[in-house]
Amino acid sequence: MLAAVISPVTLQAESVVPQIEESDVATLPPLSPHMLLLTGDGSIKGTRIIDGDSGKILGTIHTQDLTNVRIAPDGAFFYVAETIWTRGNRGVRQDLLTIYDARTLKIVDEIDLPGRLLVGNRRQTFEISADGRHAFIYNMDPASSVIVVDLARRKVARTIEIPGCALVFAGAAATISSLCGDGTLSTIGIDARQSQDLTPAQPFFSAEDDPIFDNSIADPKSGKAIFLSYSGLVYTATLAPGQGVDAPWSLQQAAGMSPASTRPLEVSWLPGGRQLIAYHRATGTLYVLMHMGEFWSHKEDGKEIWVVDVANRKVLRRHRLAEPVSHIQVSQDDAPLLFLNIENKLVIVDAKTFEEKKSLDNVGNGMMMVPGE
Amino acid sequence: MLAAVISPVTLQAESVVPQIEESDVATLPPLSPHMLLLTGDGSIKGTRIIDGDSGKILGTIHTQDLTNVRIAPDGAFFYVAETIWTRGNRGVRQDLLTIYDARTLKIVDEIDLPGRLLVGNRRQTFEISADGRHAFIYNMDPASSVIVVDLARRKVARTIEIPGCALVFAGAAATISSLCGDGTLSTIGIDARQSQDLTPAQPFFSAEDDPIFDNSIADPKSGKAIFLSYSGLVYTATLAPGQGVDAPWSLQQAAGMSPASTRPLEVSWLPGGRQLIAYHRATGTLYVLMHMGEFWSHKEDGKEIWVVDVANRKVLRRHRLAEPVSHIQVSQDDAPLLFLNIENKLVIVDAKTFEEKKSLDNVGNGMMMVPGE
Amino acid sequence: MDKIRTDALSERLLRSLAGRTSRRGMLARLGAALVAAPAFPLLPVSRAEAAKDRTAQGLTDFARHAQSKDDTNCDYWRYCAIDGSLCSCCGGGLHTCPPGTEPSPTSWVGTCINPDDGVAYLIAYRDCCGTAMCGQCGCDNTDRESQIYRPQANNDIYWCFGTASMEYHCSTAVLVGVAQ
Amino acid sequence: MDKIRTDALSERLLRSLAGRTSRRGMLARLGAALVAAPAFPLLPVSRAEAAKDRTAQGLTDFARHAQSKDDTNCDYWRYCAIDGSLCSCCGGGLHTCPPGTEPSPTSWVGTCINPDDGVAYLIAYRDCCGTAMCGQCGCDNTDRESQIYRPQANNDIYWCFGTASMEYHCSTAVLVGVAQ
C-alpha cells in the first residue's frame, strides 16, 4: 500500500503522465564588462543582473529595501549587505553579509554583522578592498563606525570607530577613509595598530554650506578619489596616509560658465539625482547628471549628462536627456555603455555616441554596479 | 562625566533645543459600518483601514503578500493569517495568526499555526465563526486540511482533514463547509466527535466544465451561502448538517437574456474579476462584476456592476463602469457604500445612486473586508 | 511520446485513499512522495474536455491567437493557463529556472494547442522558487483554469511545495505530452 | 517659547568626547542616552546659515511657495526638508504617529520659514516606525539637507533608532522652536 502511494505509477499505470522535458536551472555566464547589477528598492525589489548588450535579465539576487551589493574583485562572488527581521517588520534584527556564488547565485555563506546603517541610494556604505580580502560596512547606531569583515576567514575582524565621520572608502595601503561633518577627510588603517587618523585634519569643504555628495568616486586600488559638491566643485584626492585633497575646480567653469552660486534666487546648472556620477577609469572620464535650478535642489533628476575630462578640467560634451535620469553608471571596458535609470526604467546607451541601444522596464530604481568600477 | 554624556543639557546648556510639541500616537475610532480594510499585495503591501465617508486612511496593519485579514465579530480585534520566513525568502517558515487590538493596532498575541495555503485574492482561506470563538485556516501542503484555532485560549484546537476539498466557510451549528473537486459540498463539525461529512454528497457543479468561484458569499451566523459559477449560475445553499444546495438559476436570464454558454466562440456577459461579488445582507442584494467575453475569461475585470435581487432572482440594475474593476465590496448598513478597486486605486460609490463619493490612489489592490459582512 | 489516457481522478484518488487508512498519515505521505520524487512526477491530471475538438470552432480565444515563435510573450501557445512572470524573461527558459532559483517538483497543469500541428499538449506550469518576484513579462491566461478545490488546475496557488523556499519568482511551461 | 542659541557642534562634540575616553564605550553610551530619553531630546543642531535672511531675497524656492493651510501637501511650510510619506495622510498628523506605529526618539532636523510670520522655526522630522511604508503623500524636500556625515541634517537615513522596530512608515514634522 505504501509503495502504491509513493508511486502513482504502480497505483494506476494508465494515469501516469510521461514527461518529455526535464526542468533544469540556468547558471550565469562568467562576469563580463557589460554586465550590470541593479538593486531595486520600494515597489520593485531584488538585484537584477542584466546583460548590457542584449538588454536581457540574466538572473536576480534576492535583496530587500536598503540592501547594498558588491562584486568581488575576482568576479567569483556577489556580496550582499542586508538587514532582515525574523518576522518581517518585527522580531530579531539580523544584519548580514551574504555571499552568493557569481555563477549559480546560490548562497555560499552568511556572516553575522553587529549592525549597519539603514539608508538607501548610497554607494559608500559598503565596500570591498582592492585585494578582495576585506569588506567594510558603515554602521551608525547612531554612533559612527566601520565594521571590517575578513572575507577569507568569513568573520568580522574588528570595528573601527569614526566619530563625527561617515561612509567608507577603501583606500590604498590597507586604509579606509571617511568624510566628516567638520569638512575633513579621515583615513585610518584597517589594522588595529594603525587606528589613528592618518590624514592632516584640514577642513576642505563645508557640510552646511556646500556639502559633498556621499556618492563619490574612489578607486580601491590606487586610492584616487573624486568628490563633487552640491554647487559643482570637483575635489580630487588620494586616499592614503599623509595625503591631502587638491584645490577644487568648478564644473560650470569647465563648461565655460560662471561658477555656480550657493545663494538663493540664483539659477545655475547643478549636479543632482541619486547615483549622480559615474567614472570611466581608463579614460579619466566623469559623467555627471545635471539640472537647472537653485541651490538645495541636489536631489533633482538630471536633464543633461555632462561628460568631463577630469585631468584637463574640461566638459567635453553636454548631452540633453529625452527624459530625466536619477541614476547613472558606466561600464569599464573600451567600448563603454552608459546605464541610465529613472523610475524603474533602464536605458542602455553607447557612452561614446549616446545612441540608445536597449531599454527595459520594471527593473527597479536603485544603485547600479559594474565589474571593475 | 557619565552624567554629562547622558544629558547633553548639563554638558553644554546653550545647545539644548526645547520642544514645544510632543510626539504622540493616534488610536483608531471604534469600528463603524463605513470602515474598510483593504489588503494590498505585490507592489503596495499592508492592510489599510479607510474611512469610507472621508476617504481617508485611518491606519495601516503591517501585512505582506498572501496575507488574509478578518475583523472579530465584536470589533475588538483584527486577525491576520500570515506566513513569514525568518530571513525574508529563506530560513524558517512561520505560519501565524497574529491578533491586533482594533483601536491601537498593537499586537496582542501571535499564535503559531502548523501551516496555511499560500494563495492571493481568496476570501475563504481564513474565516472566523459567528460567535468569534474559532478561527479557521485553510491549509494545503499539498494535502487539504482546515486548522481550527480556539481564539479564547489562543491556541490551535485541531486540524480537520478535508481530502479532495478546499476552502473553509464557517457554517451554522458549529460546522465548517468546503467545496470539493468532485462538485460536492462537504460539511463537517468542528468538534472532534463530528468529523464525518454531514452533507449528502450530491455533486451540484462541475469543477472542470463550469467551476464555482472560490470567492463566494457565506454568512457564518445563518449559514446562508451564495455560490456563483463561471457561466453565471447562482446556487443558494444553507451550510448546515443535512442541508443541500438549491437548484441554480442564471444571472443572464435574471437580466432578460439567454443563459450564458460554456462553449467556445459564444460571447455572453459573464462574471469575472478577483473579489468579484459582494452581498448586502439586510436587503439580499448581490453586486456582481460582469464583462463581455467567451467562457474561460473568468479573471477579466468587470465593465459593469449587476445589482441582483437574490430572493426574486432579478437583475435590478446594470451599472456601466467608467474604468474596469477587479475587486468589489459593500458596507452592511442601510446607507451602503460600494468599494471598487482597480490597480491600487479605490473608488467609493453610493451603493444606491452609484454617485462617486471619494477616491484614493496607491492603497493596494487586494481583498476588501467590511464590518459585519 | 506516450499518449495520455488519464481521466479526472486526483481528488477522487485522494478521497478513496482517505477512506482506507488514517487520512492524515496517508495524505502526508502522499504529499511527501509527490514533492520529493526526483523525476518531477505530476499529480495525475484530467484530460480537459475542451481539448477534444481541435477545429477552429473548438478553440478558445487564446488558442485562436496563439503563436509558436516567441516564448517571451504571453500569447506563446504553451502559456494558455500560465499566471505569473515568464521565466524566459528572467534568465530562465521554457523549462529552465533562472540562476539561484529552484524548480518546484509539483505544478499546476494546462492543456494547450500548438498552432503548428493543431495538437493539444499537456503543459506543466512549474514555478521557480526561492527569490522574490521577477516582475518581468507578467501573464495571466486562464484556459480551463479552475479553482482551489481543483488545485492542479488552479494558477493562483504558489506552486512551491517541496522547494527549500516557497518564495515565488517565475513560472515555466514544461511540455509533458500529447493530450488526447 | 525659548529661543535657540545652538551652534553646530554635534560631530565636534562627538569627536572631542572621543579623545578623552574609550571611544566605543563613550559613543555607545551617548547613543543609548539619545535614543532612550523619554522626552525625545534632539541631537544638538546647527542654526542654518540660510535662516538668517528672512527677506524674499533670502528665501529658498520652497519657502517662496510654501503654504500654511494644508498639512497633507508637500508644500506645507514645515515640510521644507522632509523625505517620505506625510503621516498626516496615513492616520497620523503633524506630530502624531498613525495607530500601531511608534515615534522615533531621534530625528533629523530642518529650518523652515512660516509664511504667516516670516519666522524661521526648527522642525524635527520624527519618523513613525514599526509598520511598512504608508505610501501616501510621498514628499522629498531638501532645504539645507546635507549628507550622511552630517546625519541630523540628512533625510535619507531611516531615523528609527531606539524604536522597537526600524521599519519605516511615515514622517512627522514636529515644531521645536524659533531658530534665530
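The backbone N, Cα and C atoms fix where each Cβ goes, glycine too.
TrEMBL: automatically predicted annotations, no manual curation.
Record source TrEMBL places C:C90 in a disulfide bond whose other cysteine, from C:C128, C:C129, C:C134, C:C137, is C:C134. For C:C137, the partner cysteine in a disulfide bond according to TrEMBL, taken from C:C74, C:C80, C:C87, C:C89, is C:C89. Take the substrate site that TrEMBL assigns to C:N155, C:D156, C:I157: the candidate from C:D75, C:D83, C:D116 listed for it is C:D83. The disulfide entry in TrEMBL for C:C97 points, among C:C74, C:C128, C:C129, to C:C128. Here TrEMBL annotates a disulfide bond for C:C80; of C:C87, C:C112, C:C129, the partner residue is C:C112. Note: C:D156, C:I157, taken in sequence order from the recorded positions C:C97, C:D127, C:D156, C:I157, have a C-beta within a distance under 8 Å of a chain B C-beta.
Filtering the disulfide-bonded residues C:C80, C:C89, C:C90 for a Cβ under 8 angstroms from any Cβ of chain A leaves C:C89, C:C90, in order along the sequence. Maximum C-alpha to C-alpha distance over the listed substrate-binding residues C:D83, C:N155, C:D156, C:I157 is 9 Å. The shortest Cα-Cα distance from C:C139 (disulfide bond) to any of the recorded positions (C:D127, C:C129, C:C170) is found for C:C170. C:C129 (disulfide bond) sits 13 Å from C:I157 (substrate binding site), counting Cα to Cα. Applying DSSP to the domain 'Methylamine/Aralkylamine dehydrogenase light chain C-terminal' (C:67-177) sorts its residues as follows: 9 helix, 38 strand, 64 coil. A sphere of 10 angstroms centred on the C-beta of C:C90 (disulfide bond) encloses 31 other C-beta atoms.
Inclusion criterion for the binding-site residues C:N155, C:D156, C:I157: a C-alpha placed within 10 angstroms of the C-alpha of C:C87 (disulfide bond); this criterion is met by none of them. C:I157 (substrate binding site) is surrounded by 23 other CB atoms, counting those within 10 A of its CB over all protein chains shown.
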